[in-house]
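Going by TrEMBL, these are the annotated features:
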DOMAIN    30-106  domain 'G-protein coupled receptors family 2 profile 1'
DOMAIN    132-382  domain 'G-protein coupled receptors family 2 profile 2'
TRANSMEM  135-159  transmembrane segment
TRANSMEM  171-191  transmembrane segment
TRANSMEM  246-265  transmembrane segment
TRANSMEM  285-306  transmembrane segment
TRANSMEM  327-347  transmembrane segment
TRANSMEM  367-385  transmembrane segment
Amino acid sequence: MNSSTATENYHSDSTDNTAERIALLRLQYHCHLLSNFNVTREANETYCEPHYDKVRCWYAAKANTTVIAPCPAELRAPDHVVAVRYCGVDGQWTNLSDYKQCIDFIDGKYLPKDDLSLLAPTQELSRSVFIMRDIYFGCSLVSLFFLCITLFVFCYFRSLQCNRVTIHKHLVVSFILRFVIIVFLFEPLVFGHDVYYTRLDWFCKTIIVLSQYTMVSNILWMFVEGLFLHNSIVVTVFSTDAPYKLFCAIGWGLPGVIAISWAIAMHLTMETSCWQNNSQSPYSYIVSGSILLALAVNLFFLVNIIRVLVTKLRAHNTHESSRIKKAIRATVILMPLLGLTNLIMLFNPNDGGSYASVYQVTNVVLHSNQGILISIFYCFLNGEVRRVIRQKYRRIKIQRILRNNSRRYSRTSSCVLSQTEMKLMSSGYFIVANPNLTDGLRRM
């Protein structure tokens, strides 16, 4: 019996080992193909052969060179966190692959040497990256929740329906789509799950394209908000009917053209898995250039709106300090609503120092809280919205009071009626008042 079990285990282990060897050979073969496709060997030069080390494929490398490669894509490590391997003078890999930086990055211990003098001794770069990632994810969830409430309020109360609120609804929907994609992308990383969307390269790239689409759509719907507000205050073009077909073409159609153009350019020029480091591509300006153009026009709208506001306040003989306060208040409110806080991307220090850290934190906080700001300024602080919500609350309260009173009245009435019936029965009137019952008694 023991001999039979041992034989079965031996055959099982042998089968598993064979399958593993076949899988490794297949991966090694693919590694050779990739290396031949990506590396052009020079004549009369010695090279280390391509090698798959069960983690990544190391392409053919010149002898006596140190090869630097990115960490596995699943780690989402920054560019400066790398794996290292050395190709010896004889064309042989002289050591195992060095993934120390990648492992330290996972454990939150990695700190580049170049940044040691710029960061506090207790600060760890990777840990701050994880913290910012978690803040971005958490604030995006809160923004998504606030935006869903805002959309419900705008759709539920019919008295709020007007040209301005219709544009607000489109803006809110575009941000809901944006934050849904952000949550989808970040959820596996935050909770340590398998990054399932990277298994299929086409699916991962589709998600990236949708992310670019929603980002541009957010900005262009903010541009529509600025256009409508500017023309309502300054030009009064849209005082009657707003050109919604034009607005939808700008807010939903144009981002599609931009995102598809970007995707085609990336497909033709960038062969990395899931288009990693796509921001380094020169074609990233297809998206960022469109965003900057829309923000520049919105900045013009803001300046012109503030100019008209100050002129009107001056015409009403408002005190100078009061005029300044109102102008500043309008500017502070309109800047996030018109997306002008996104202009911060023009001032990226990108020096790896303390200024870069401040930039990253500011960028994360502003972007992830945009949904909250839109909900607060367009919905929760809006006088009309607060009025209809108060009216609805009072109506519900009155209906509840009336319902409770009617129940109390019905219980009291039934109690009084039952007492009256007892008196009538005892006096014989109940029988006279019920002829069917009288006939039945007579038959008895």
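Here the Cβ of each residue, glycine as well, is placed from N, Cα and C on the backbone.
The stretches the transmembrane segment (171-191) and the transmembrane segment (367-385) meet in space: the count of Cβ pairs below 8 angstroms, excluding pairs fewer than 6 apart in sequence, reaches at least three.
Away from its own ends, the transmembrane segment (327-347) comes close to residues 218-219, 222-223, 225-226, 229, 288, 291-292, 294-295, 298-299, 301-302, 305-306, 309-310, 313, 359, 362-363, 366-367, 370, 373-374, 377-378 of its chain (Cβ-Cβ under 8 Å, at least six residues beyond either end). Broken down with DSSP, the domain 'G-protein coupled receptors family 2 profile 1' (30-106) shows 19 helix, 22 strand, 36 coil.
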